[in-house]
Amino acid sequence: MLMPKKIHHCVNVILVWISIIFISSYVAGQPGPVKNGHFENGVVVCASAYGAQIGADILKQGGNAYDAAIATQLALAVVYPQAGNIGGGGFMVARNAKGQIQALDFRERAPLKAFRDMYLDSNGAADLHKSQDGVLSVGVPGAVAGIFGMYKYARLPFEKLINPAIELAAKGFKITAAEAALLNRFKKDFERYNDYPVAFVKKTDWQQGDLLIQPELAATLKKIRDQGASGFYQGETAQSLVETVTASGGIIGLKDLDGYQATPRTPVSFDYHGYQIISFPPPSSGGLLLAQMMGMIAPFNIDTMGFLSAKAIHIMVEAERRAYADRAKYMGDPDYFQVPEKELMNQHYLAARMKDFNPQKATPSSAVNAGNVYEHNETTHIAVADNQGNLVSITTTLNGNFGSRVVVKGAGFLLNDEMDDFSAKPGVPNMFGAVGGVANQIEPGKRMLSSMCPTLVLKKGQPYMVVGTPGGTTIPTSVFQTIVDIIDYGKTPGQATEAPKFHHQWLPDQIMLEDGLPVAVTDSLVQMGYALKTVNGIGRTEIILFDQKAGGKASPGKIGMQAAADIRGDDSLAGY
Ligand code: GLY
């Protein structure tokens, strides 16, 4: 129904004032971070306190979880430039209040001029520098198409969702100590890949509390606000992107941008101990890996083994090893390669994969191949839930920190280096050490295989959990362990995010693990034959867990939600 003009005008004036009040407080100072909280109306968890606050304010202003997720994602493109983006891509899994599920693929695509051996040198060796840095590493961005794909389920005017991001870009925001350190660390790269001034470089070192102002990005966001997706994929923005890339030998053309579409997919859905797990299908490996790992451990009654005991870790790692061996052979963009999804998730197949599991010993990866079936990690996650039962789980990325480090000249946004997620050459590891073959070889227009794993868990059809994390190939294993920690060990979201994570991806044949496991546990793992490699941090997991009433049903009307933002970074949450 159309509103009379006068009322419409009054409503707009009120909305503008509300926005100004909220925006002034964003620019005044960095809120948070808040790591844990319990809410009854809605909550947003993400990598930045600004992003969480903006999303929560949208919920308070009558937006649903989709509105909040879009506003947060746009805010992260400004305040979390190392991974939040409009020049990258990602995946969304969501459930609306009617119980309908959506899986939206806005992954980057290979440019039309891309070809299989484009990263091989004259000796046939893979030149990973080219696939990881600079203009040749850039895939055709999908983020903006994704945002407008999600917007179909939102309810507020689009300008309300994007204005906070525009203001933060135009007026600046105060950076944290970690952000200052990161910008300083990448200064040389920014200078190397951009022969023009960019907002991320200043003469002196960045300090905590400095204002990062991005006027060119603000202007680009305004074009998106006023022209929709065409403000990015056509006209001046598209022209600037193509000129920036081709000036240094890149291959993205206007046709690549104009032809980009976000693609709805059928989500991966499976049962684990009476819970329905819903996650992302190929071109991400995340959902299938999760289904495989959970399917392999399901018969083992892991809850009877101690939490983070050597026995439990051993079983989980062997499931991880076998699933990742399948990833290397069978997973790729389903529009180009027939991924045997059903077969890879089949219970008999998964039981057979664990037949050679030895409870006393590690199985060497040299003895594990893909099964026979017929037929740096910078990314960021947003988890949102509202009191209507809308759940949104989005993982988005530029791939490496600040992606290719190329900033589009005059348009102020960073471009991804997602082409490195393809298999540049069979058996040659990418930046995450992942290997691949034909399934994930480069082809024009194809989407590179991802590990992103935005996930929802339902119990008896009711909301139970929203979960996801960054971390390259470690993403599915972190989500796997988080779900097991909560479902099988009864941990709270805070305990699950804090728990040390461990990761095995078949090759290299080692467990990557965080500090924090008792020495007795790591000693046992070494005795079983595992090589251990301690790493600084695995993932940054964001979790929303719904309160359960007797009988396992979330309480109708007022649905309590316990949320946790990961302790490993500036991650934060906000709700009411
Ligand atoms: N770029 C990391 C991933 O998609 O898995």
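Glycine is no exception: its Cβ is also placed from the backbone N, Cα and C atoms.
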Name the one residue among Arg107, Arg109 that TrEMBL lists for the same L-glutamate site as Thr397, Leu398, Asn399, Asp421, Ser450, Ser451, Gly472.
Arg107
Which three-state DSSP class does Asp421 (L-glutamate binding site) fall into?
helix
For Ser451 (L-glutamate binding site), which DSSP three-state class applies?
coil
Reduce the DSSP letter at Arg107 (L-glutamate binding site) to three states and note it down.
coil
For Thr379 (active site, nucleophile), find which of the binding-site residues Arg107, Thr397, Leu398, Asp421, Ser450 come within 10 Å, Cα to Cα.
Thr397, Leu398
Close in space, distant in sequence - Arg107 (L-glutamate binding site), Cβ under 8 Å, 6 or more apart:
Gly89, Gly90, Phe91, Gly142, Pro283, Ser284, Glu418, Arg447, Met448, Ser450
